[in-house]
Amino acid sequence: MEVDDDNSPSTSAAVLDGETTVPTANSTPVQPPAVPPAVVPPTIAPLPAVVPPIAPIPAVRPPVFKPPVPQNGEVKAVDSDSDHEDDGRATAGEYEISEESRLVRERQEKAMQELLMKRRAAALAVPTNDMAVRTRLRRLGEPITLFGEREMERRERLRMIMAKLDSEGQLEKLMKAHEEEEAAISAKAEDIEEDIEYPFYTEGPKELLDARIDIAKYSIVKAAARLQRARRKRDDPDEDMDAEIDWALRQAGNLVLDCSEIGDDRPLSGCSFSRDGKLLATCSLSGVAKLWSMPRVSKVSALKGHTERATDVTFSPVHDLLATASADRTAKLWSSDGSLLKTFGGHLDRLARIAFHPSGKYLGTTSFDKTWRLWDIDTGMELLLQEGHSRSVYGIAFHQDGSLVASCGLDALARVWDLRTGRSILALEGHVKPVLGASFSPNGYHLATGGEDNTCRIWDLRKKKSLYIIPAHSNLISQVKFEPQEGYYLVTSSYDMTAKVWSGRDFKPVKSLPGHEAKVTASDISADGRYIVTVSHDRTIKLWTAGNIEQENDMDWTEG
């Protein structure tokens, strides 16, 4: 027994310390199974007392942590305790949201709040149009008008109704009414768009079709002749273009004042040379146009017929006829002996400028009624009423070939129209103020415009853009004219009391023509390029020439 007592503690100590021991020969193998019967009863005995309170827990926890969820009208039943255990784990710790997800959620909530605020503000906005106020009242179920109620009172009543609904928490009703109004407006806009048929055009008379065909035939011949002449000059070794241009510019640079004559009791507004250069026509604010013989500028006759001030005068390029425009909304055709032939009436406002077609068969007029019109000289019929400018149309010029016409106006825009088709083929944007004058160059591809921005712009019709900008004057440019033979130079007249000559090659200044004491309103160049005439508000006609110099130059060239 002493041996067993000594071995027993050593064995138990070895087991408790977790160390491996080698049993000795004196140890008995029966003793280890004898230990569990003594230890097991006290540990297992309390278990029956703890189990009863745990049993009812599965029946109580499901309705607390996982209530039945209806799906398609049915209640999902809980069959096992595993569902409760999973639910307990889910509720024990919430999902961890990343910082990026939180920011995205905040932005979404903020955007939603802003959208709701905008919708609320739109729904609470009181319409200003009386028809919109009536519509809103009708959609809210209120009387659209009361006896003796005026527009402002009706609007105020709608404001009070909307404020009341908002205070009572019936904002949804207001928002619904607002959405219905927007839907009705959009549906109406769609109906309007469906009713419009494109393209829109106005069918012209048969006379206009005949005129377009006639203009097309005329322009083809003229264009072919112009191109043939240009090719001949280019290919002919005897032709020295630079020398010819230098000679013309030298002529223009030697211009001197040859004559000055009082033209009328009122300021002069227009002037024009006849096709042979033997007559000069002027018009004034008195409504009277006068004919003067050249080169002494002596009065021949007076053309009286307008009831308002005359705004422009021009000679026909092929006949001994002239036309005048007036603020009385009419244009008149006169013979060179002073007799009235025709009156063109149709414009709704005063006329500005007037021009003959190169064929001499048609007349173009511009007006402050925002249109320009084309007239038949023989019949006096209005062939074309052309819109296209947003403000008054002022200047007009025909191309040398007769195929194109340029119009310019107070909308700071110049347009080029094809007379053969009626289309606006170019819209020349660049001037920042009204454009008052336009002129085509005889070379066929340059167009000059001048206006209230004090500049003259040269447009290249081939490139469809501005080629050069001439800072020409210190005041507005009233008119622009190219030299009619070859376009070697151009003349600009201005309200700064001067006219200036510019090179048609590089657009540099050639000559300044001072002398007037008031605004220069118009200028013209004779067909042979020998004379330049200017008229002004100082009521004088001034004739500029380089006749003596020209003779000397001719002698020099002959001797050379």
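In case you wondered, yes, glycine gets a Cβ from its N, Cα and C as well.
Whatever TrEMBL says is automated annotation, not expert-curated.
The feature region 'Disordered', as given by TrEMBL for the ranges 1-40, 201-240, sits at 1-40. Residue counts for the domain 'Pre-mRNA processing factor 4 (PRP4)-like' (128-181) under DSSP, split into helix (H, G, I), strand (E, B) and coil, are 38 helix, 0 strand, 16 coil. The DSSP breakdown of the repeat 'WD' (470-512), given as helix, strand and coil counts, is 0 helix, 23 strand, 20 coil.
Under 8 Å from some Cβ of the repeat 'WD' (428-469) lie the Cβ atoms of residues 223, 226, 230, 391, 394-401, 404, 406-416, 475-487, 490, 492, 494, 502, 504, 507, all in the same chain and six or more residues away from its ends.
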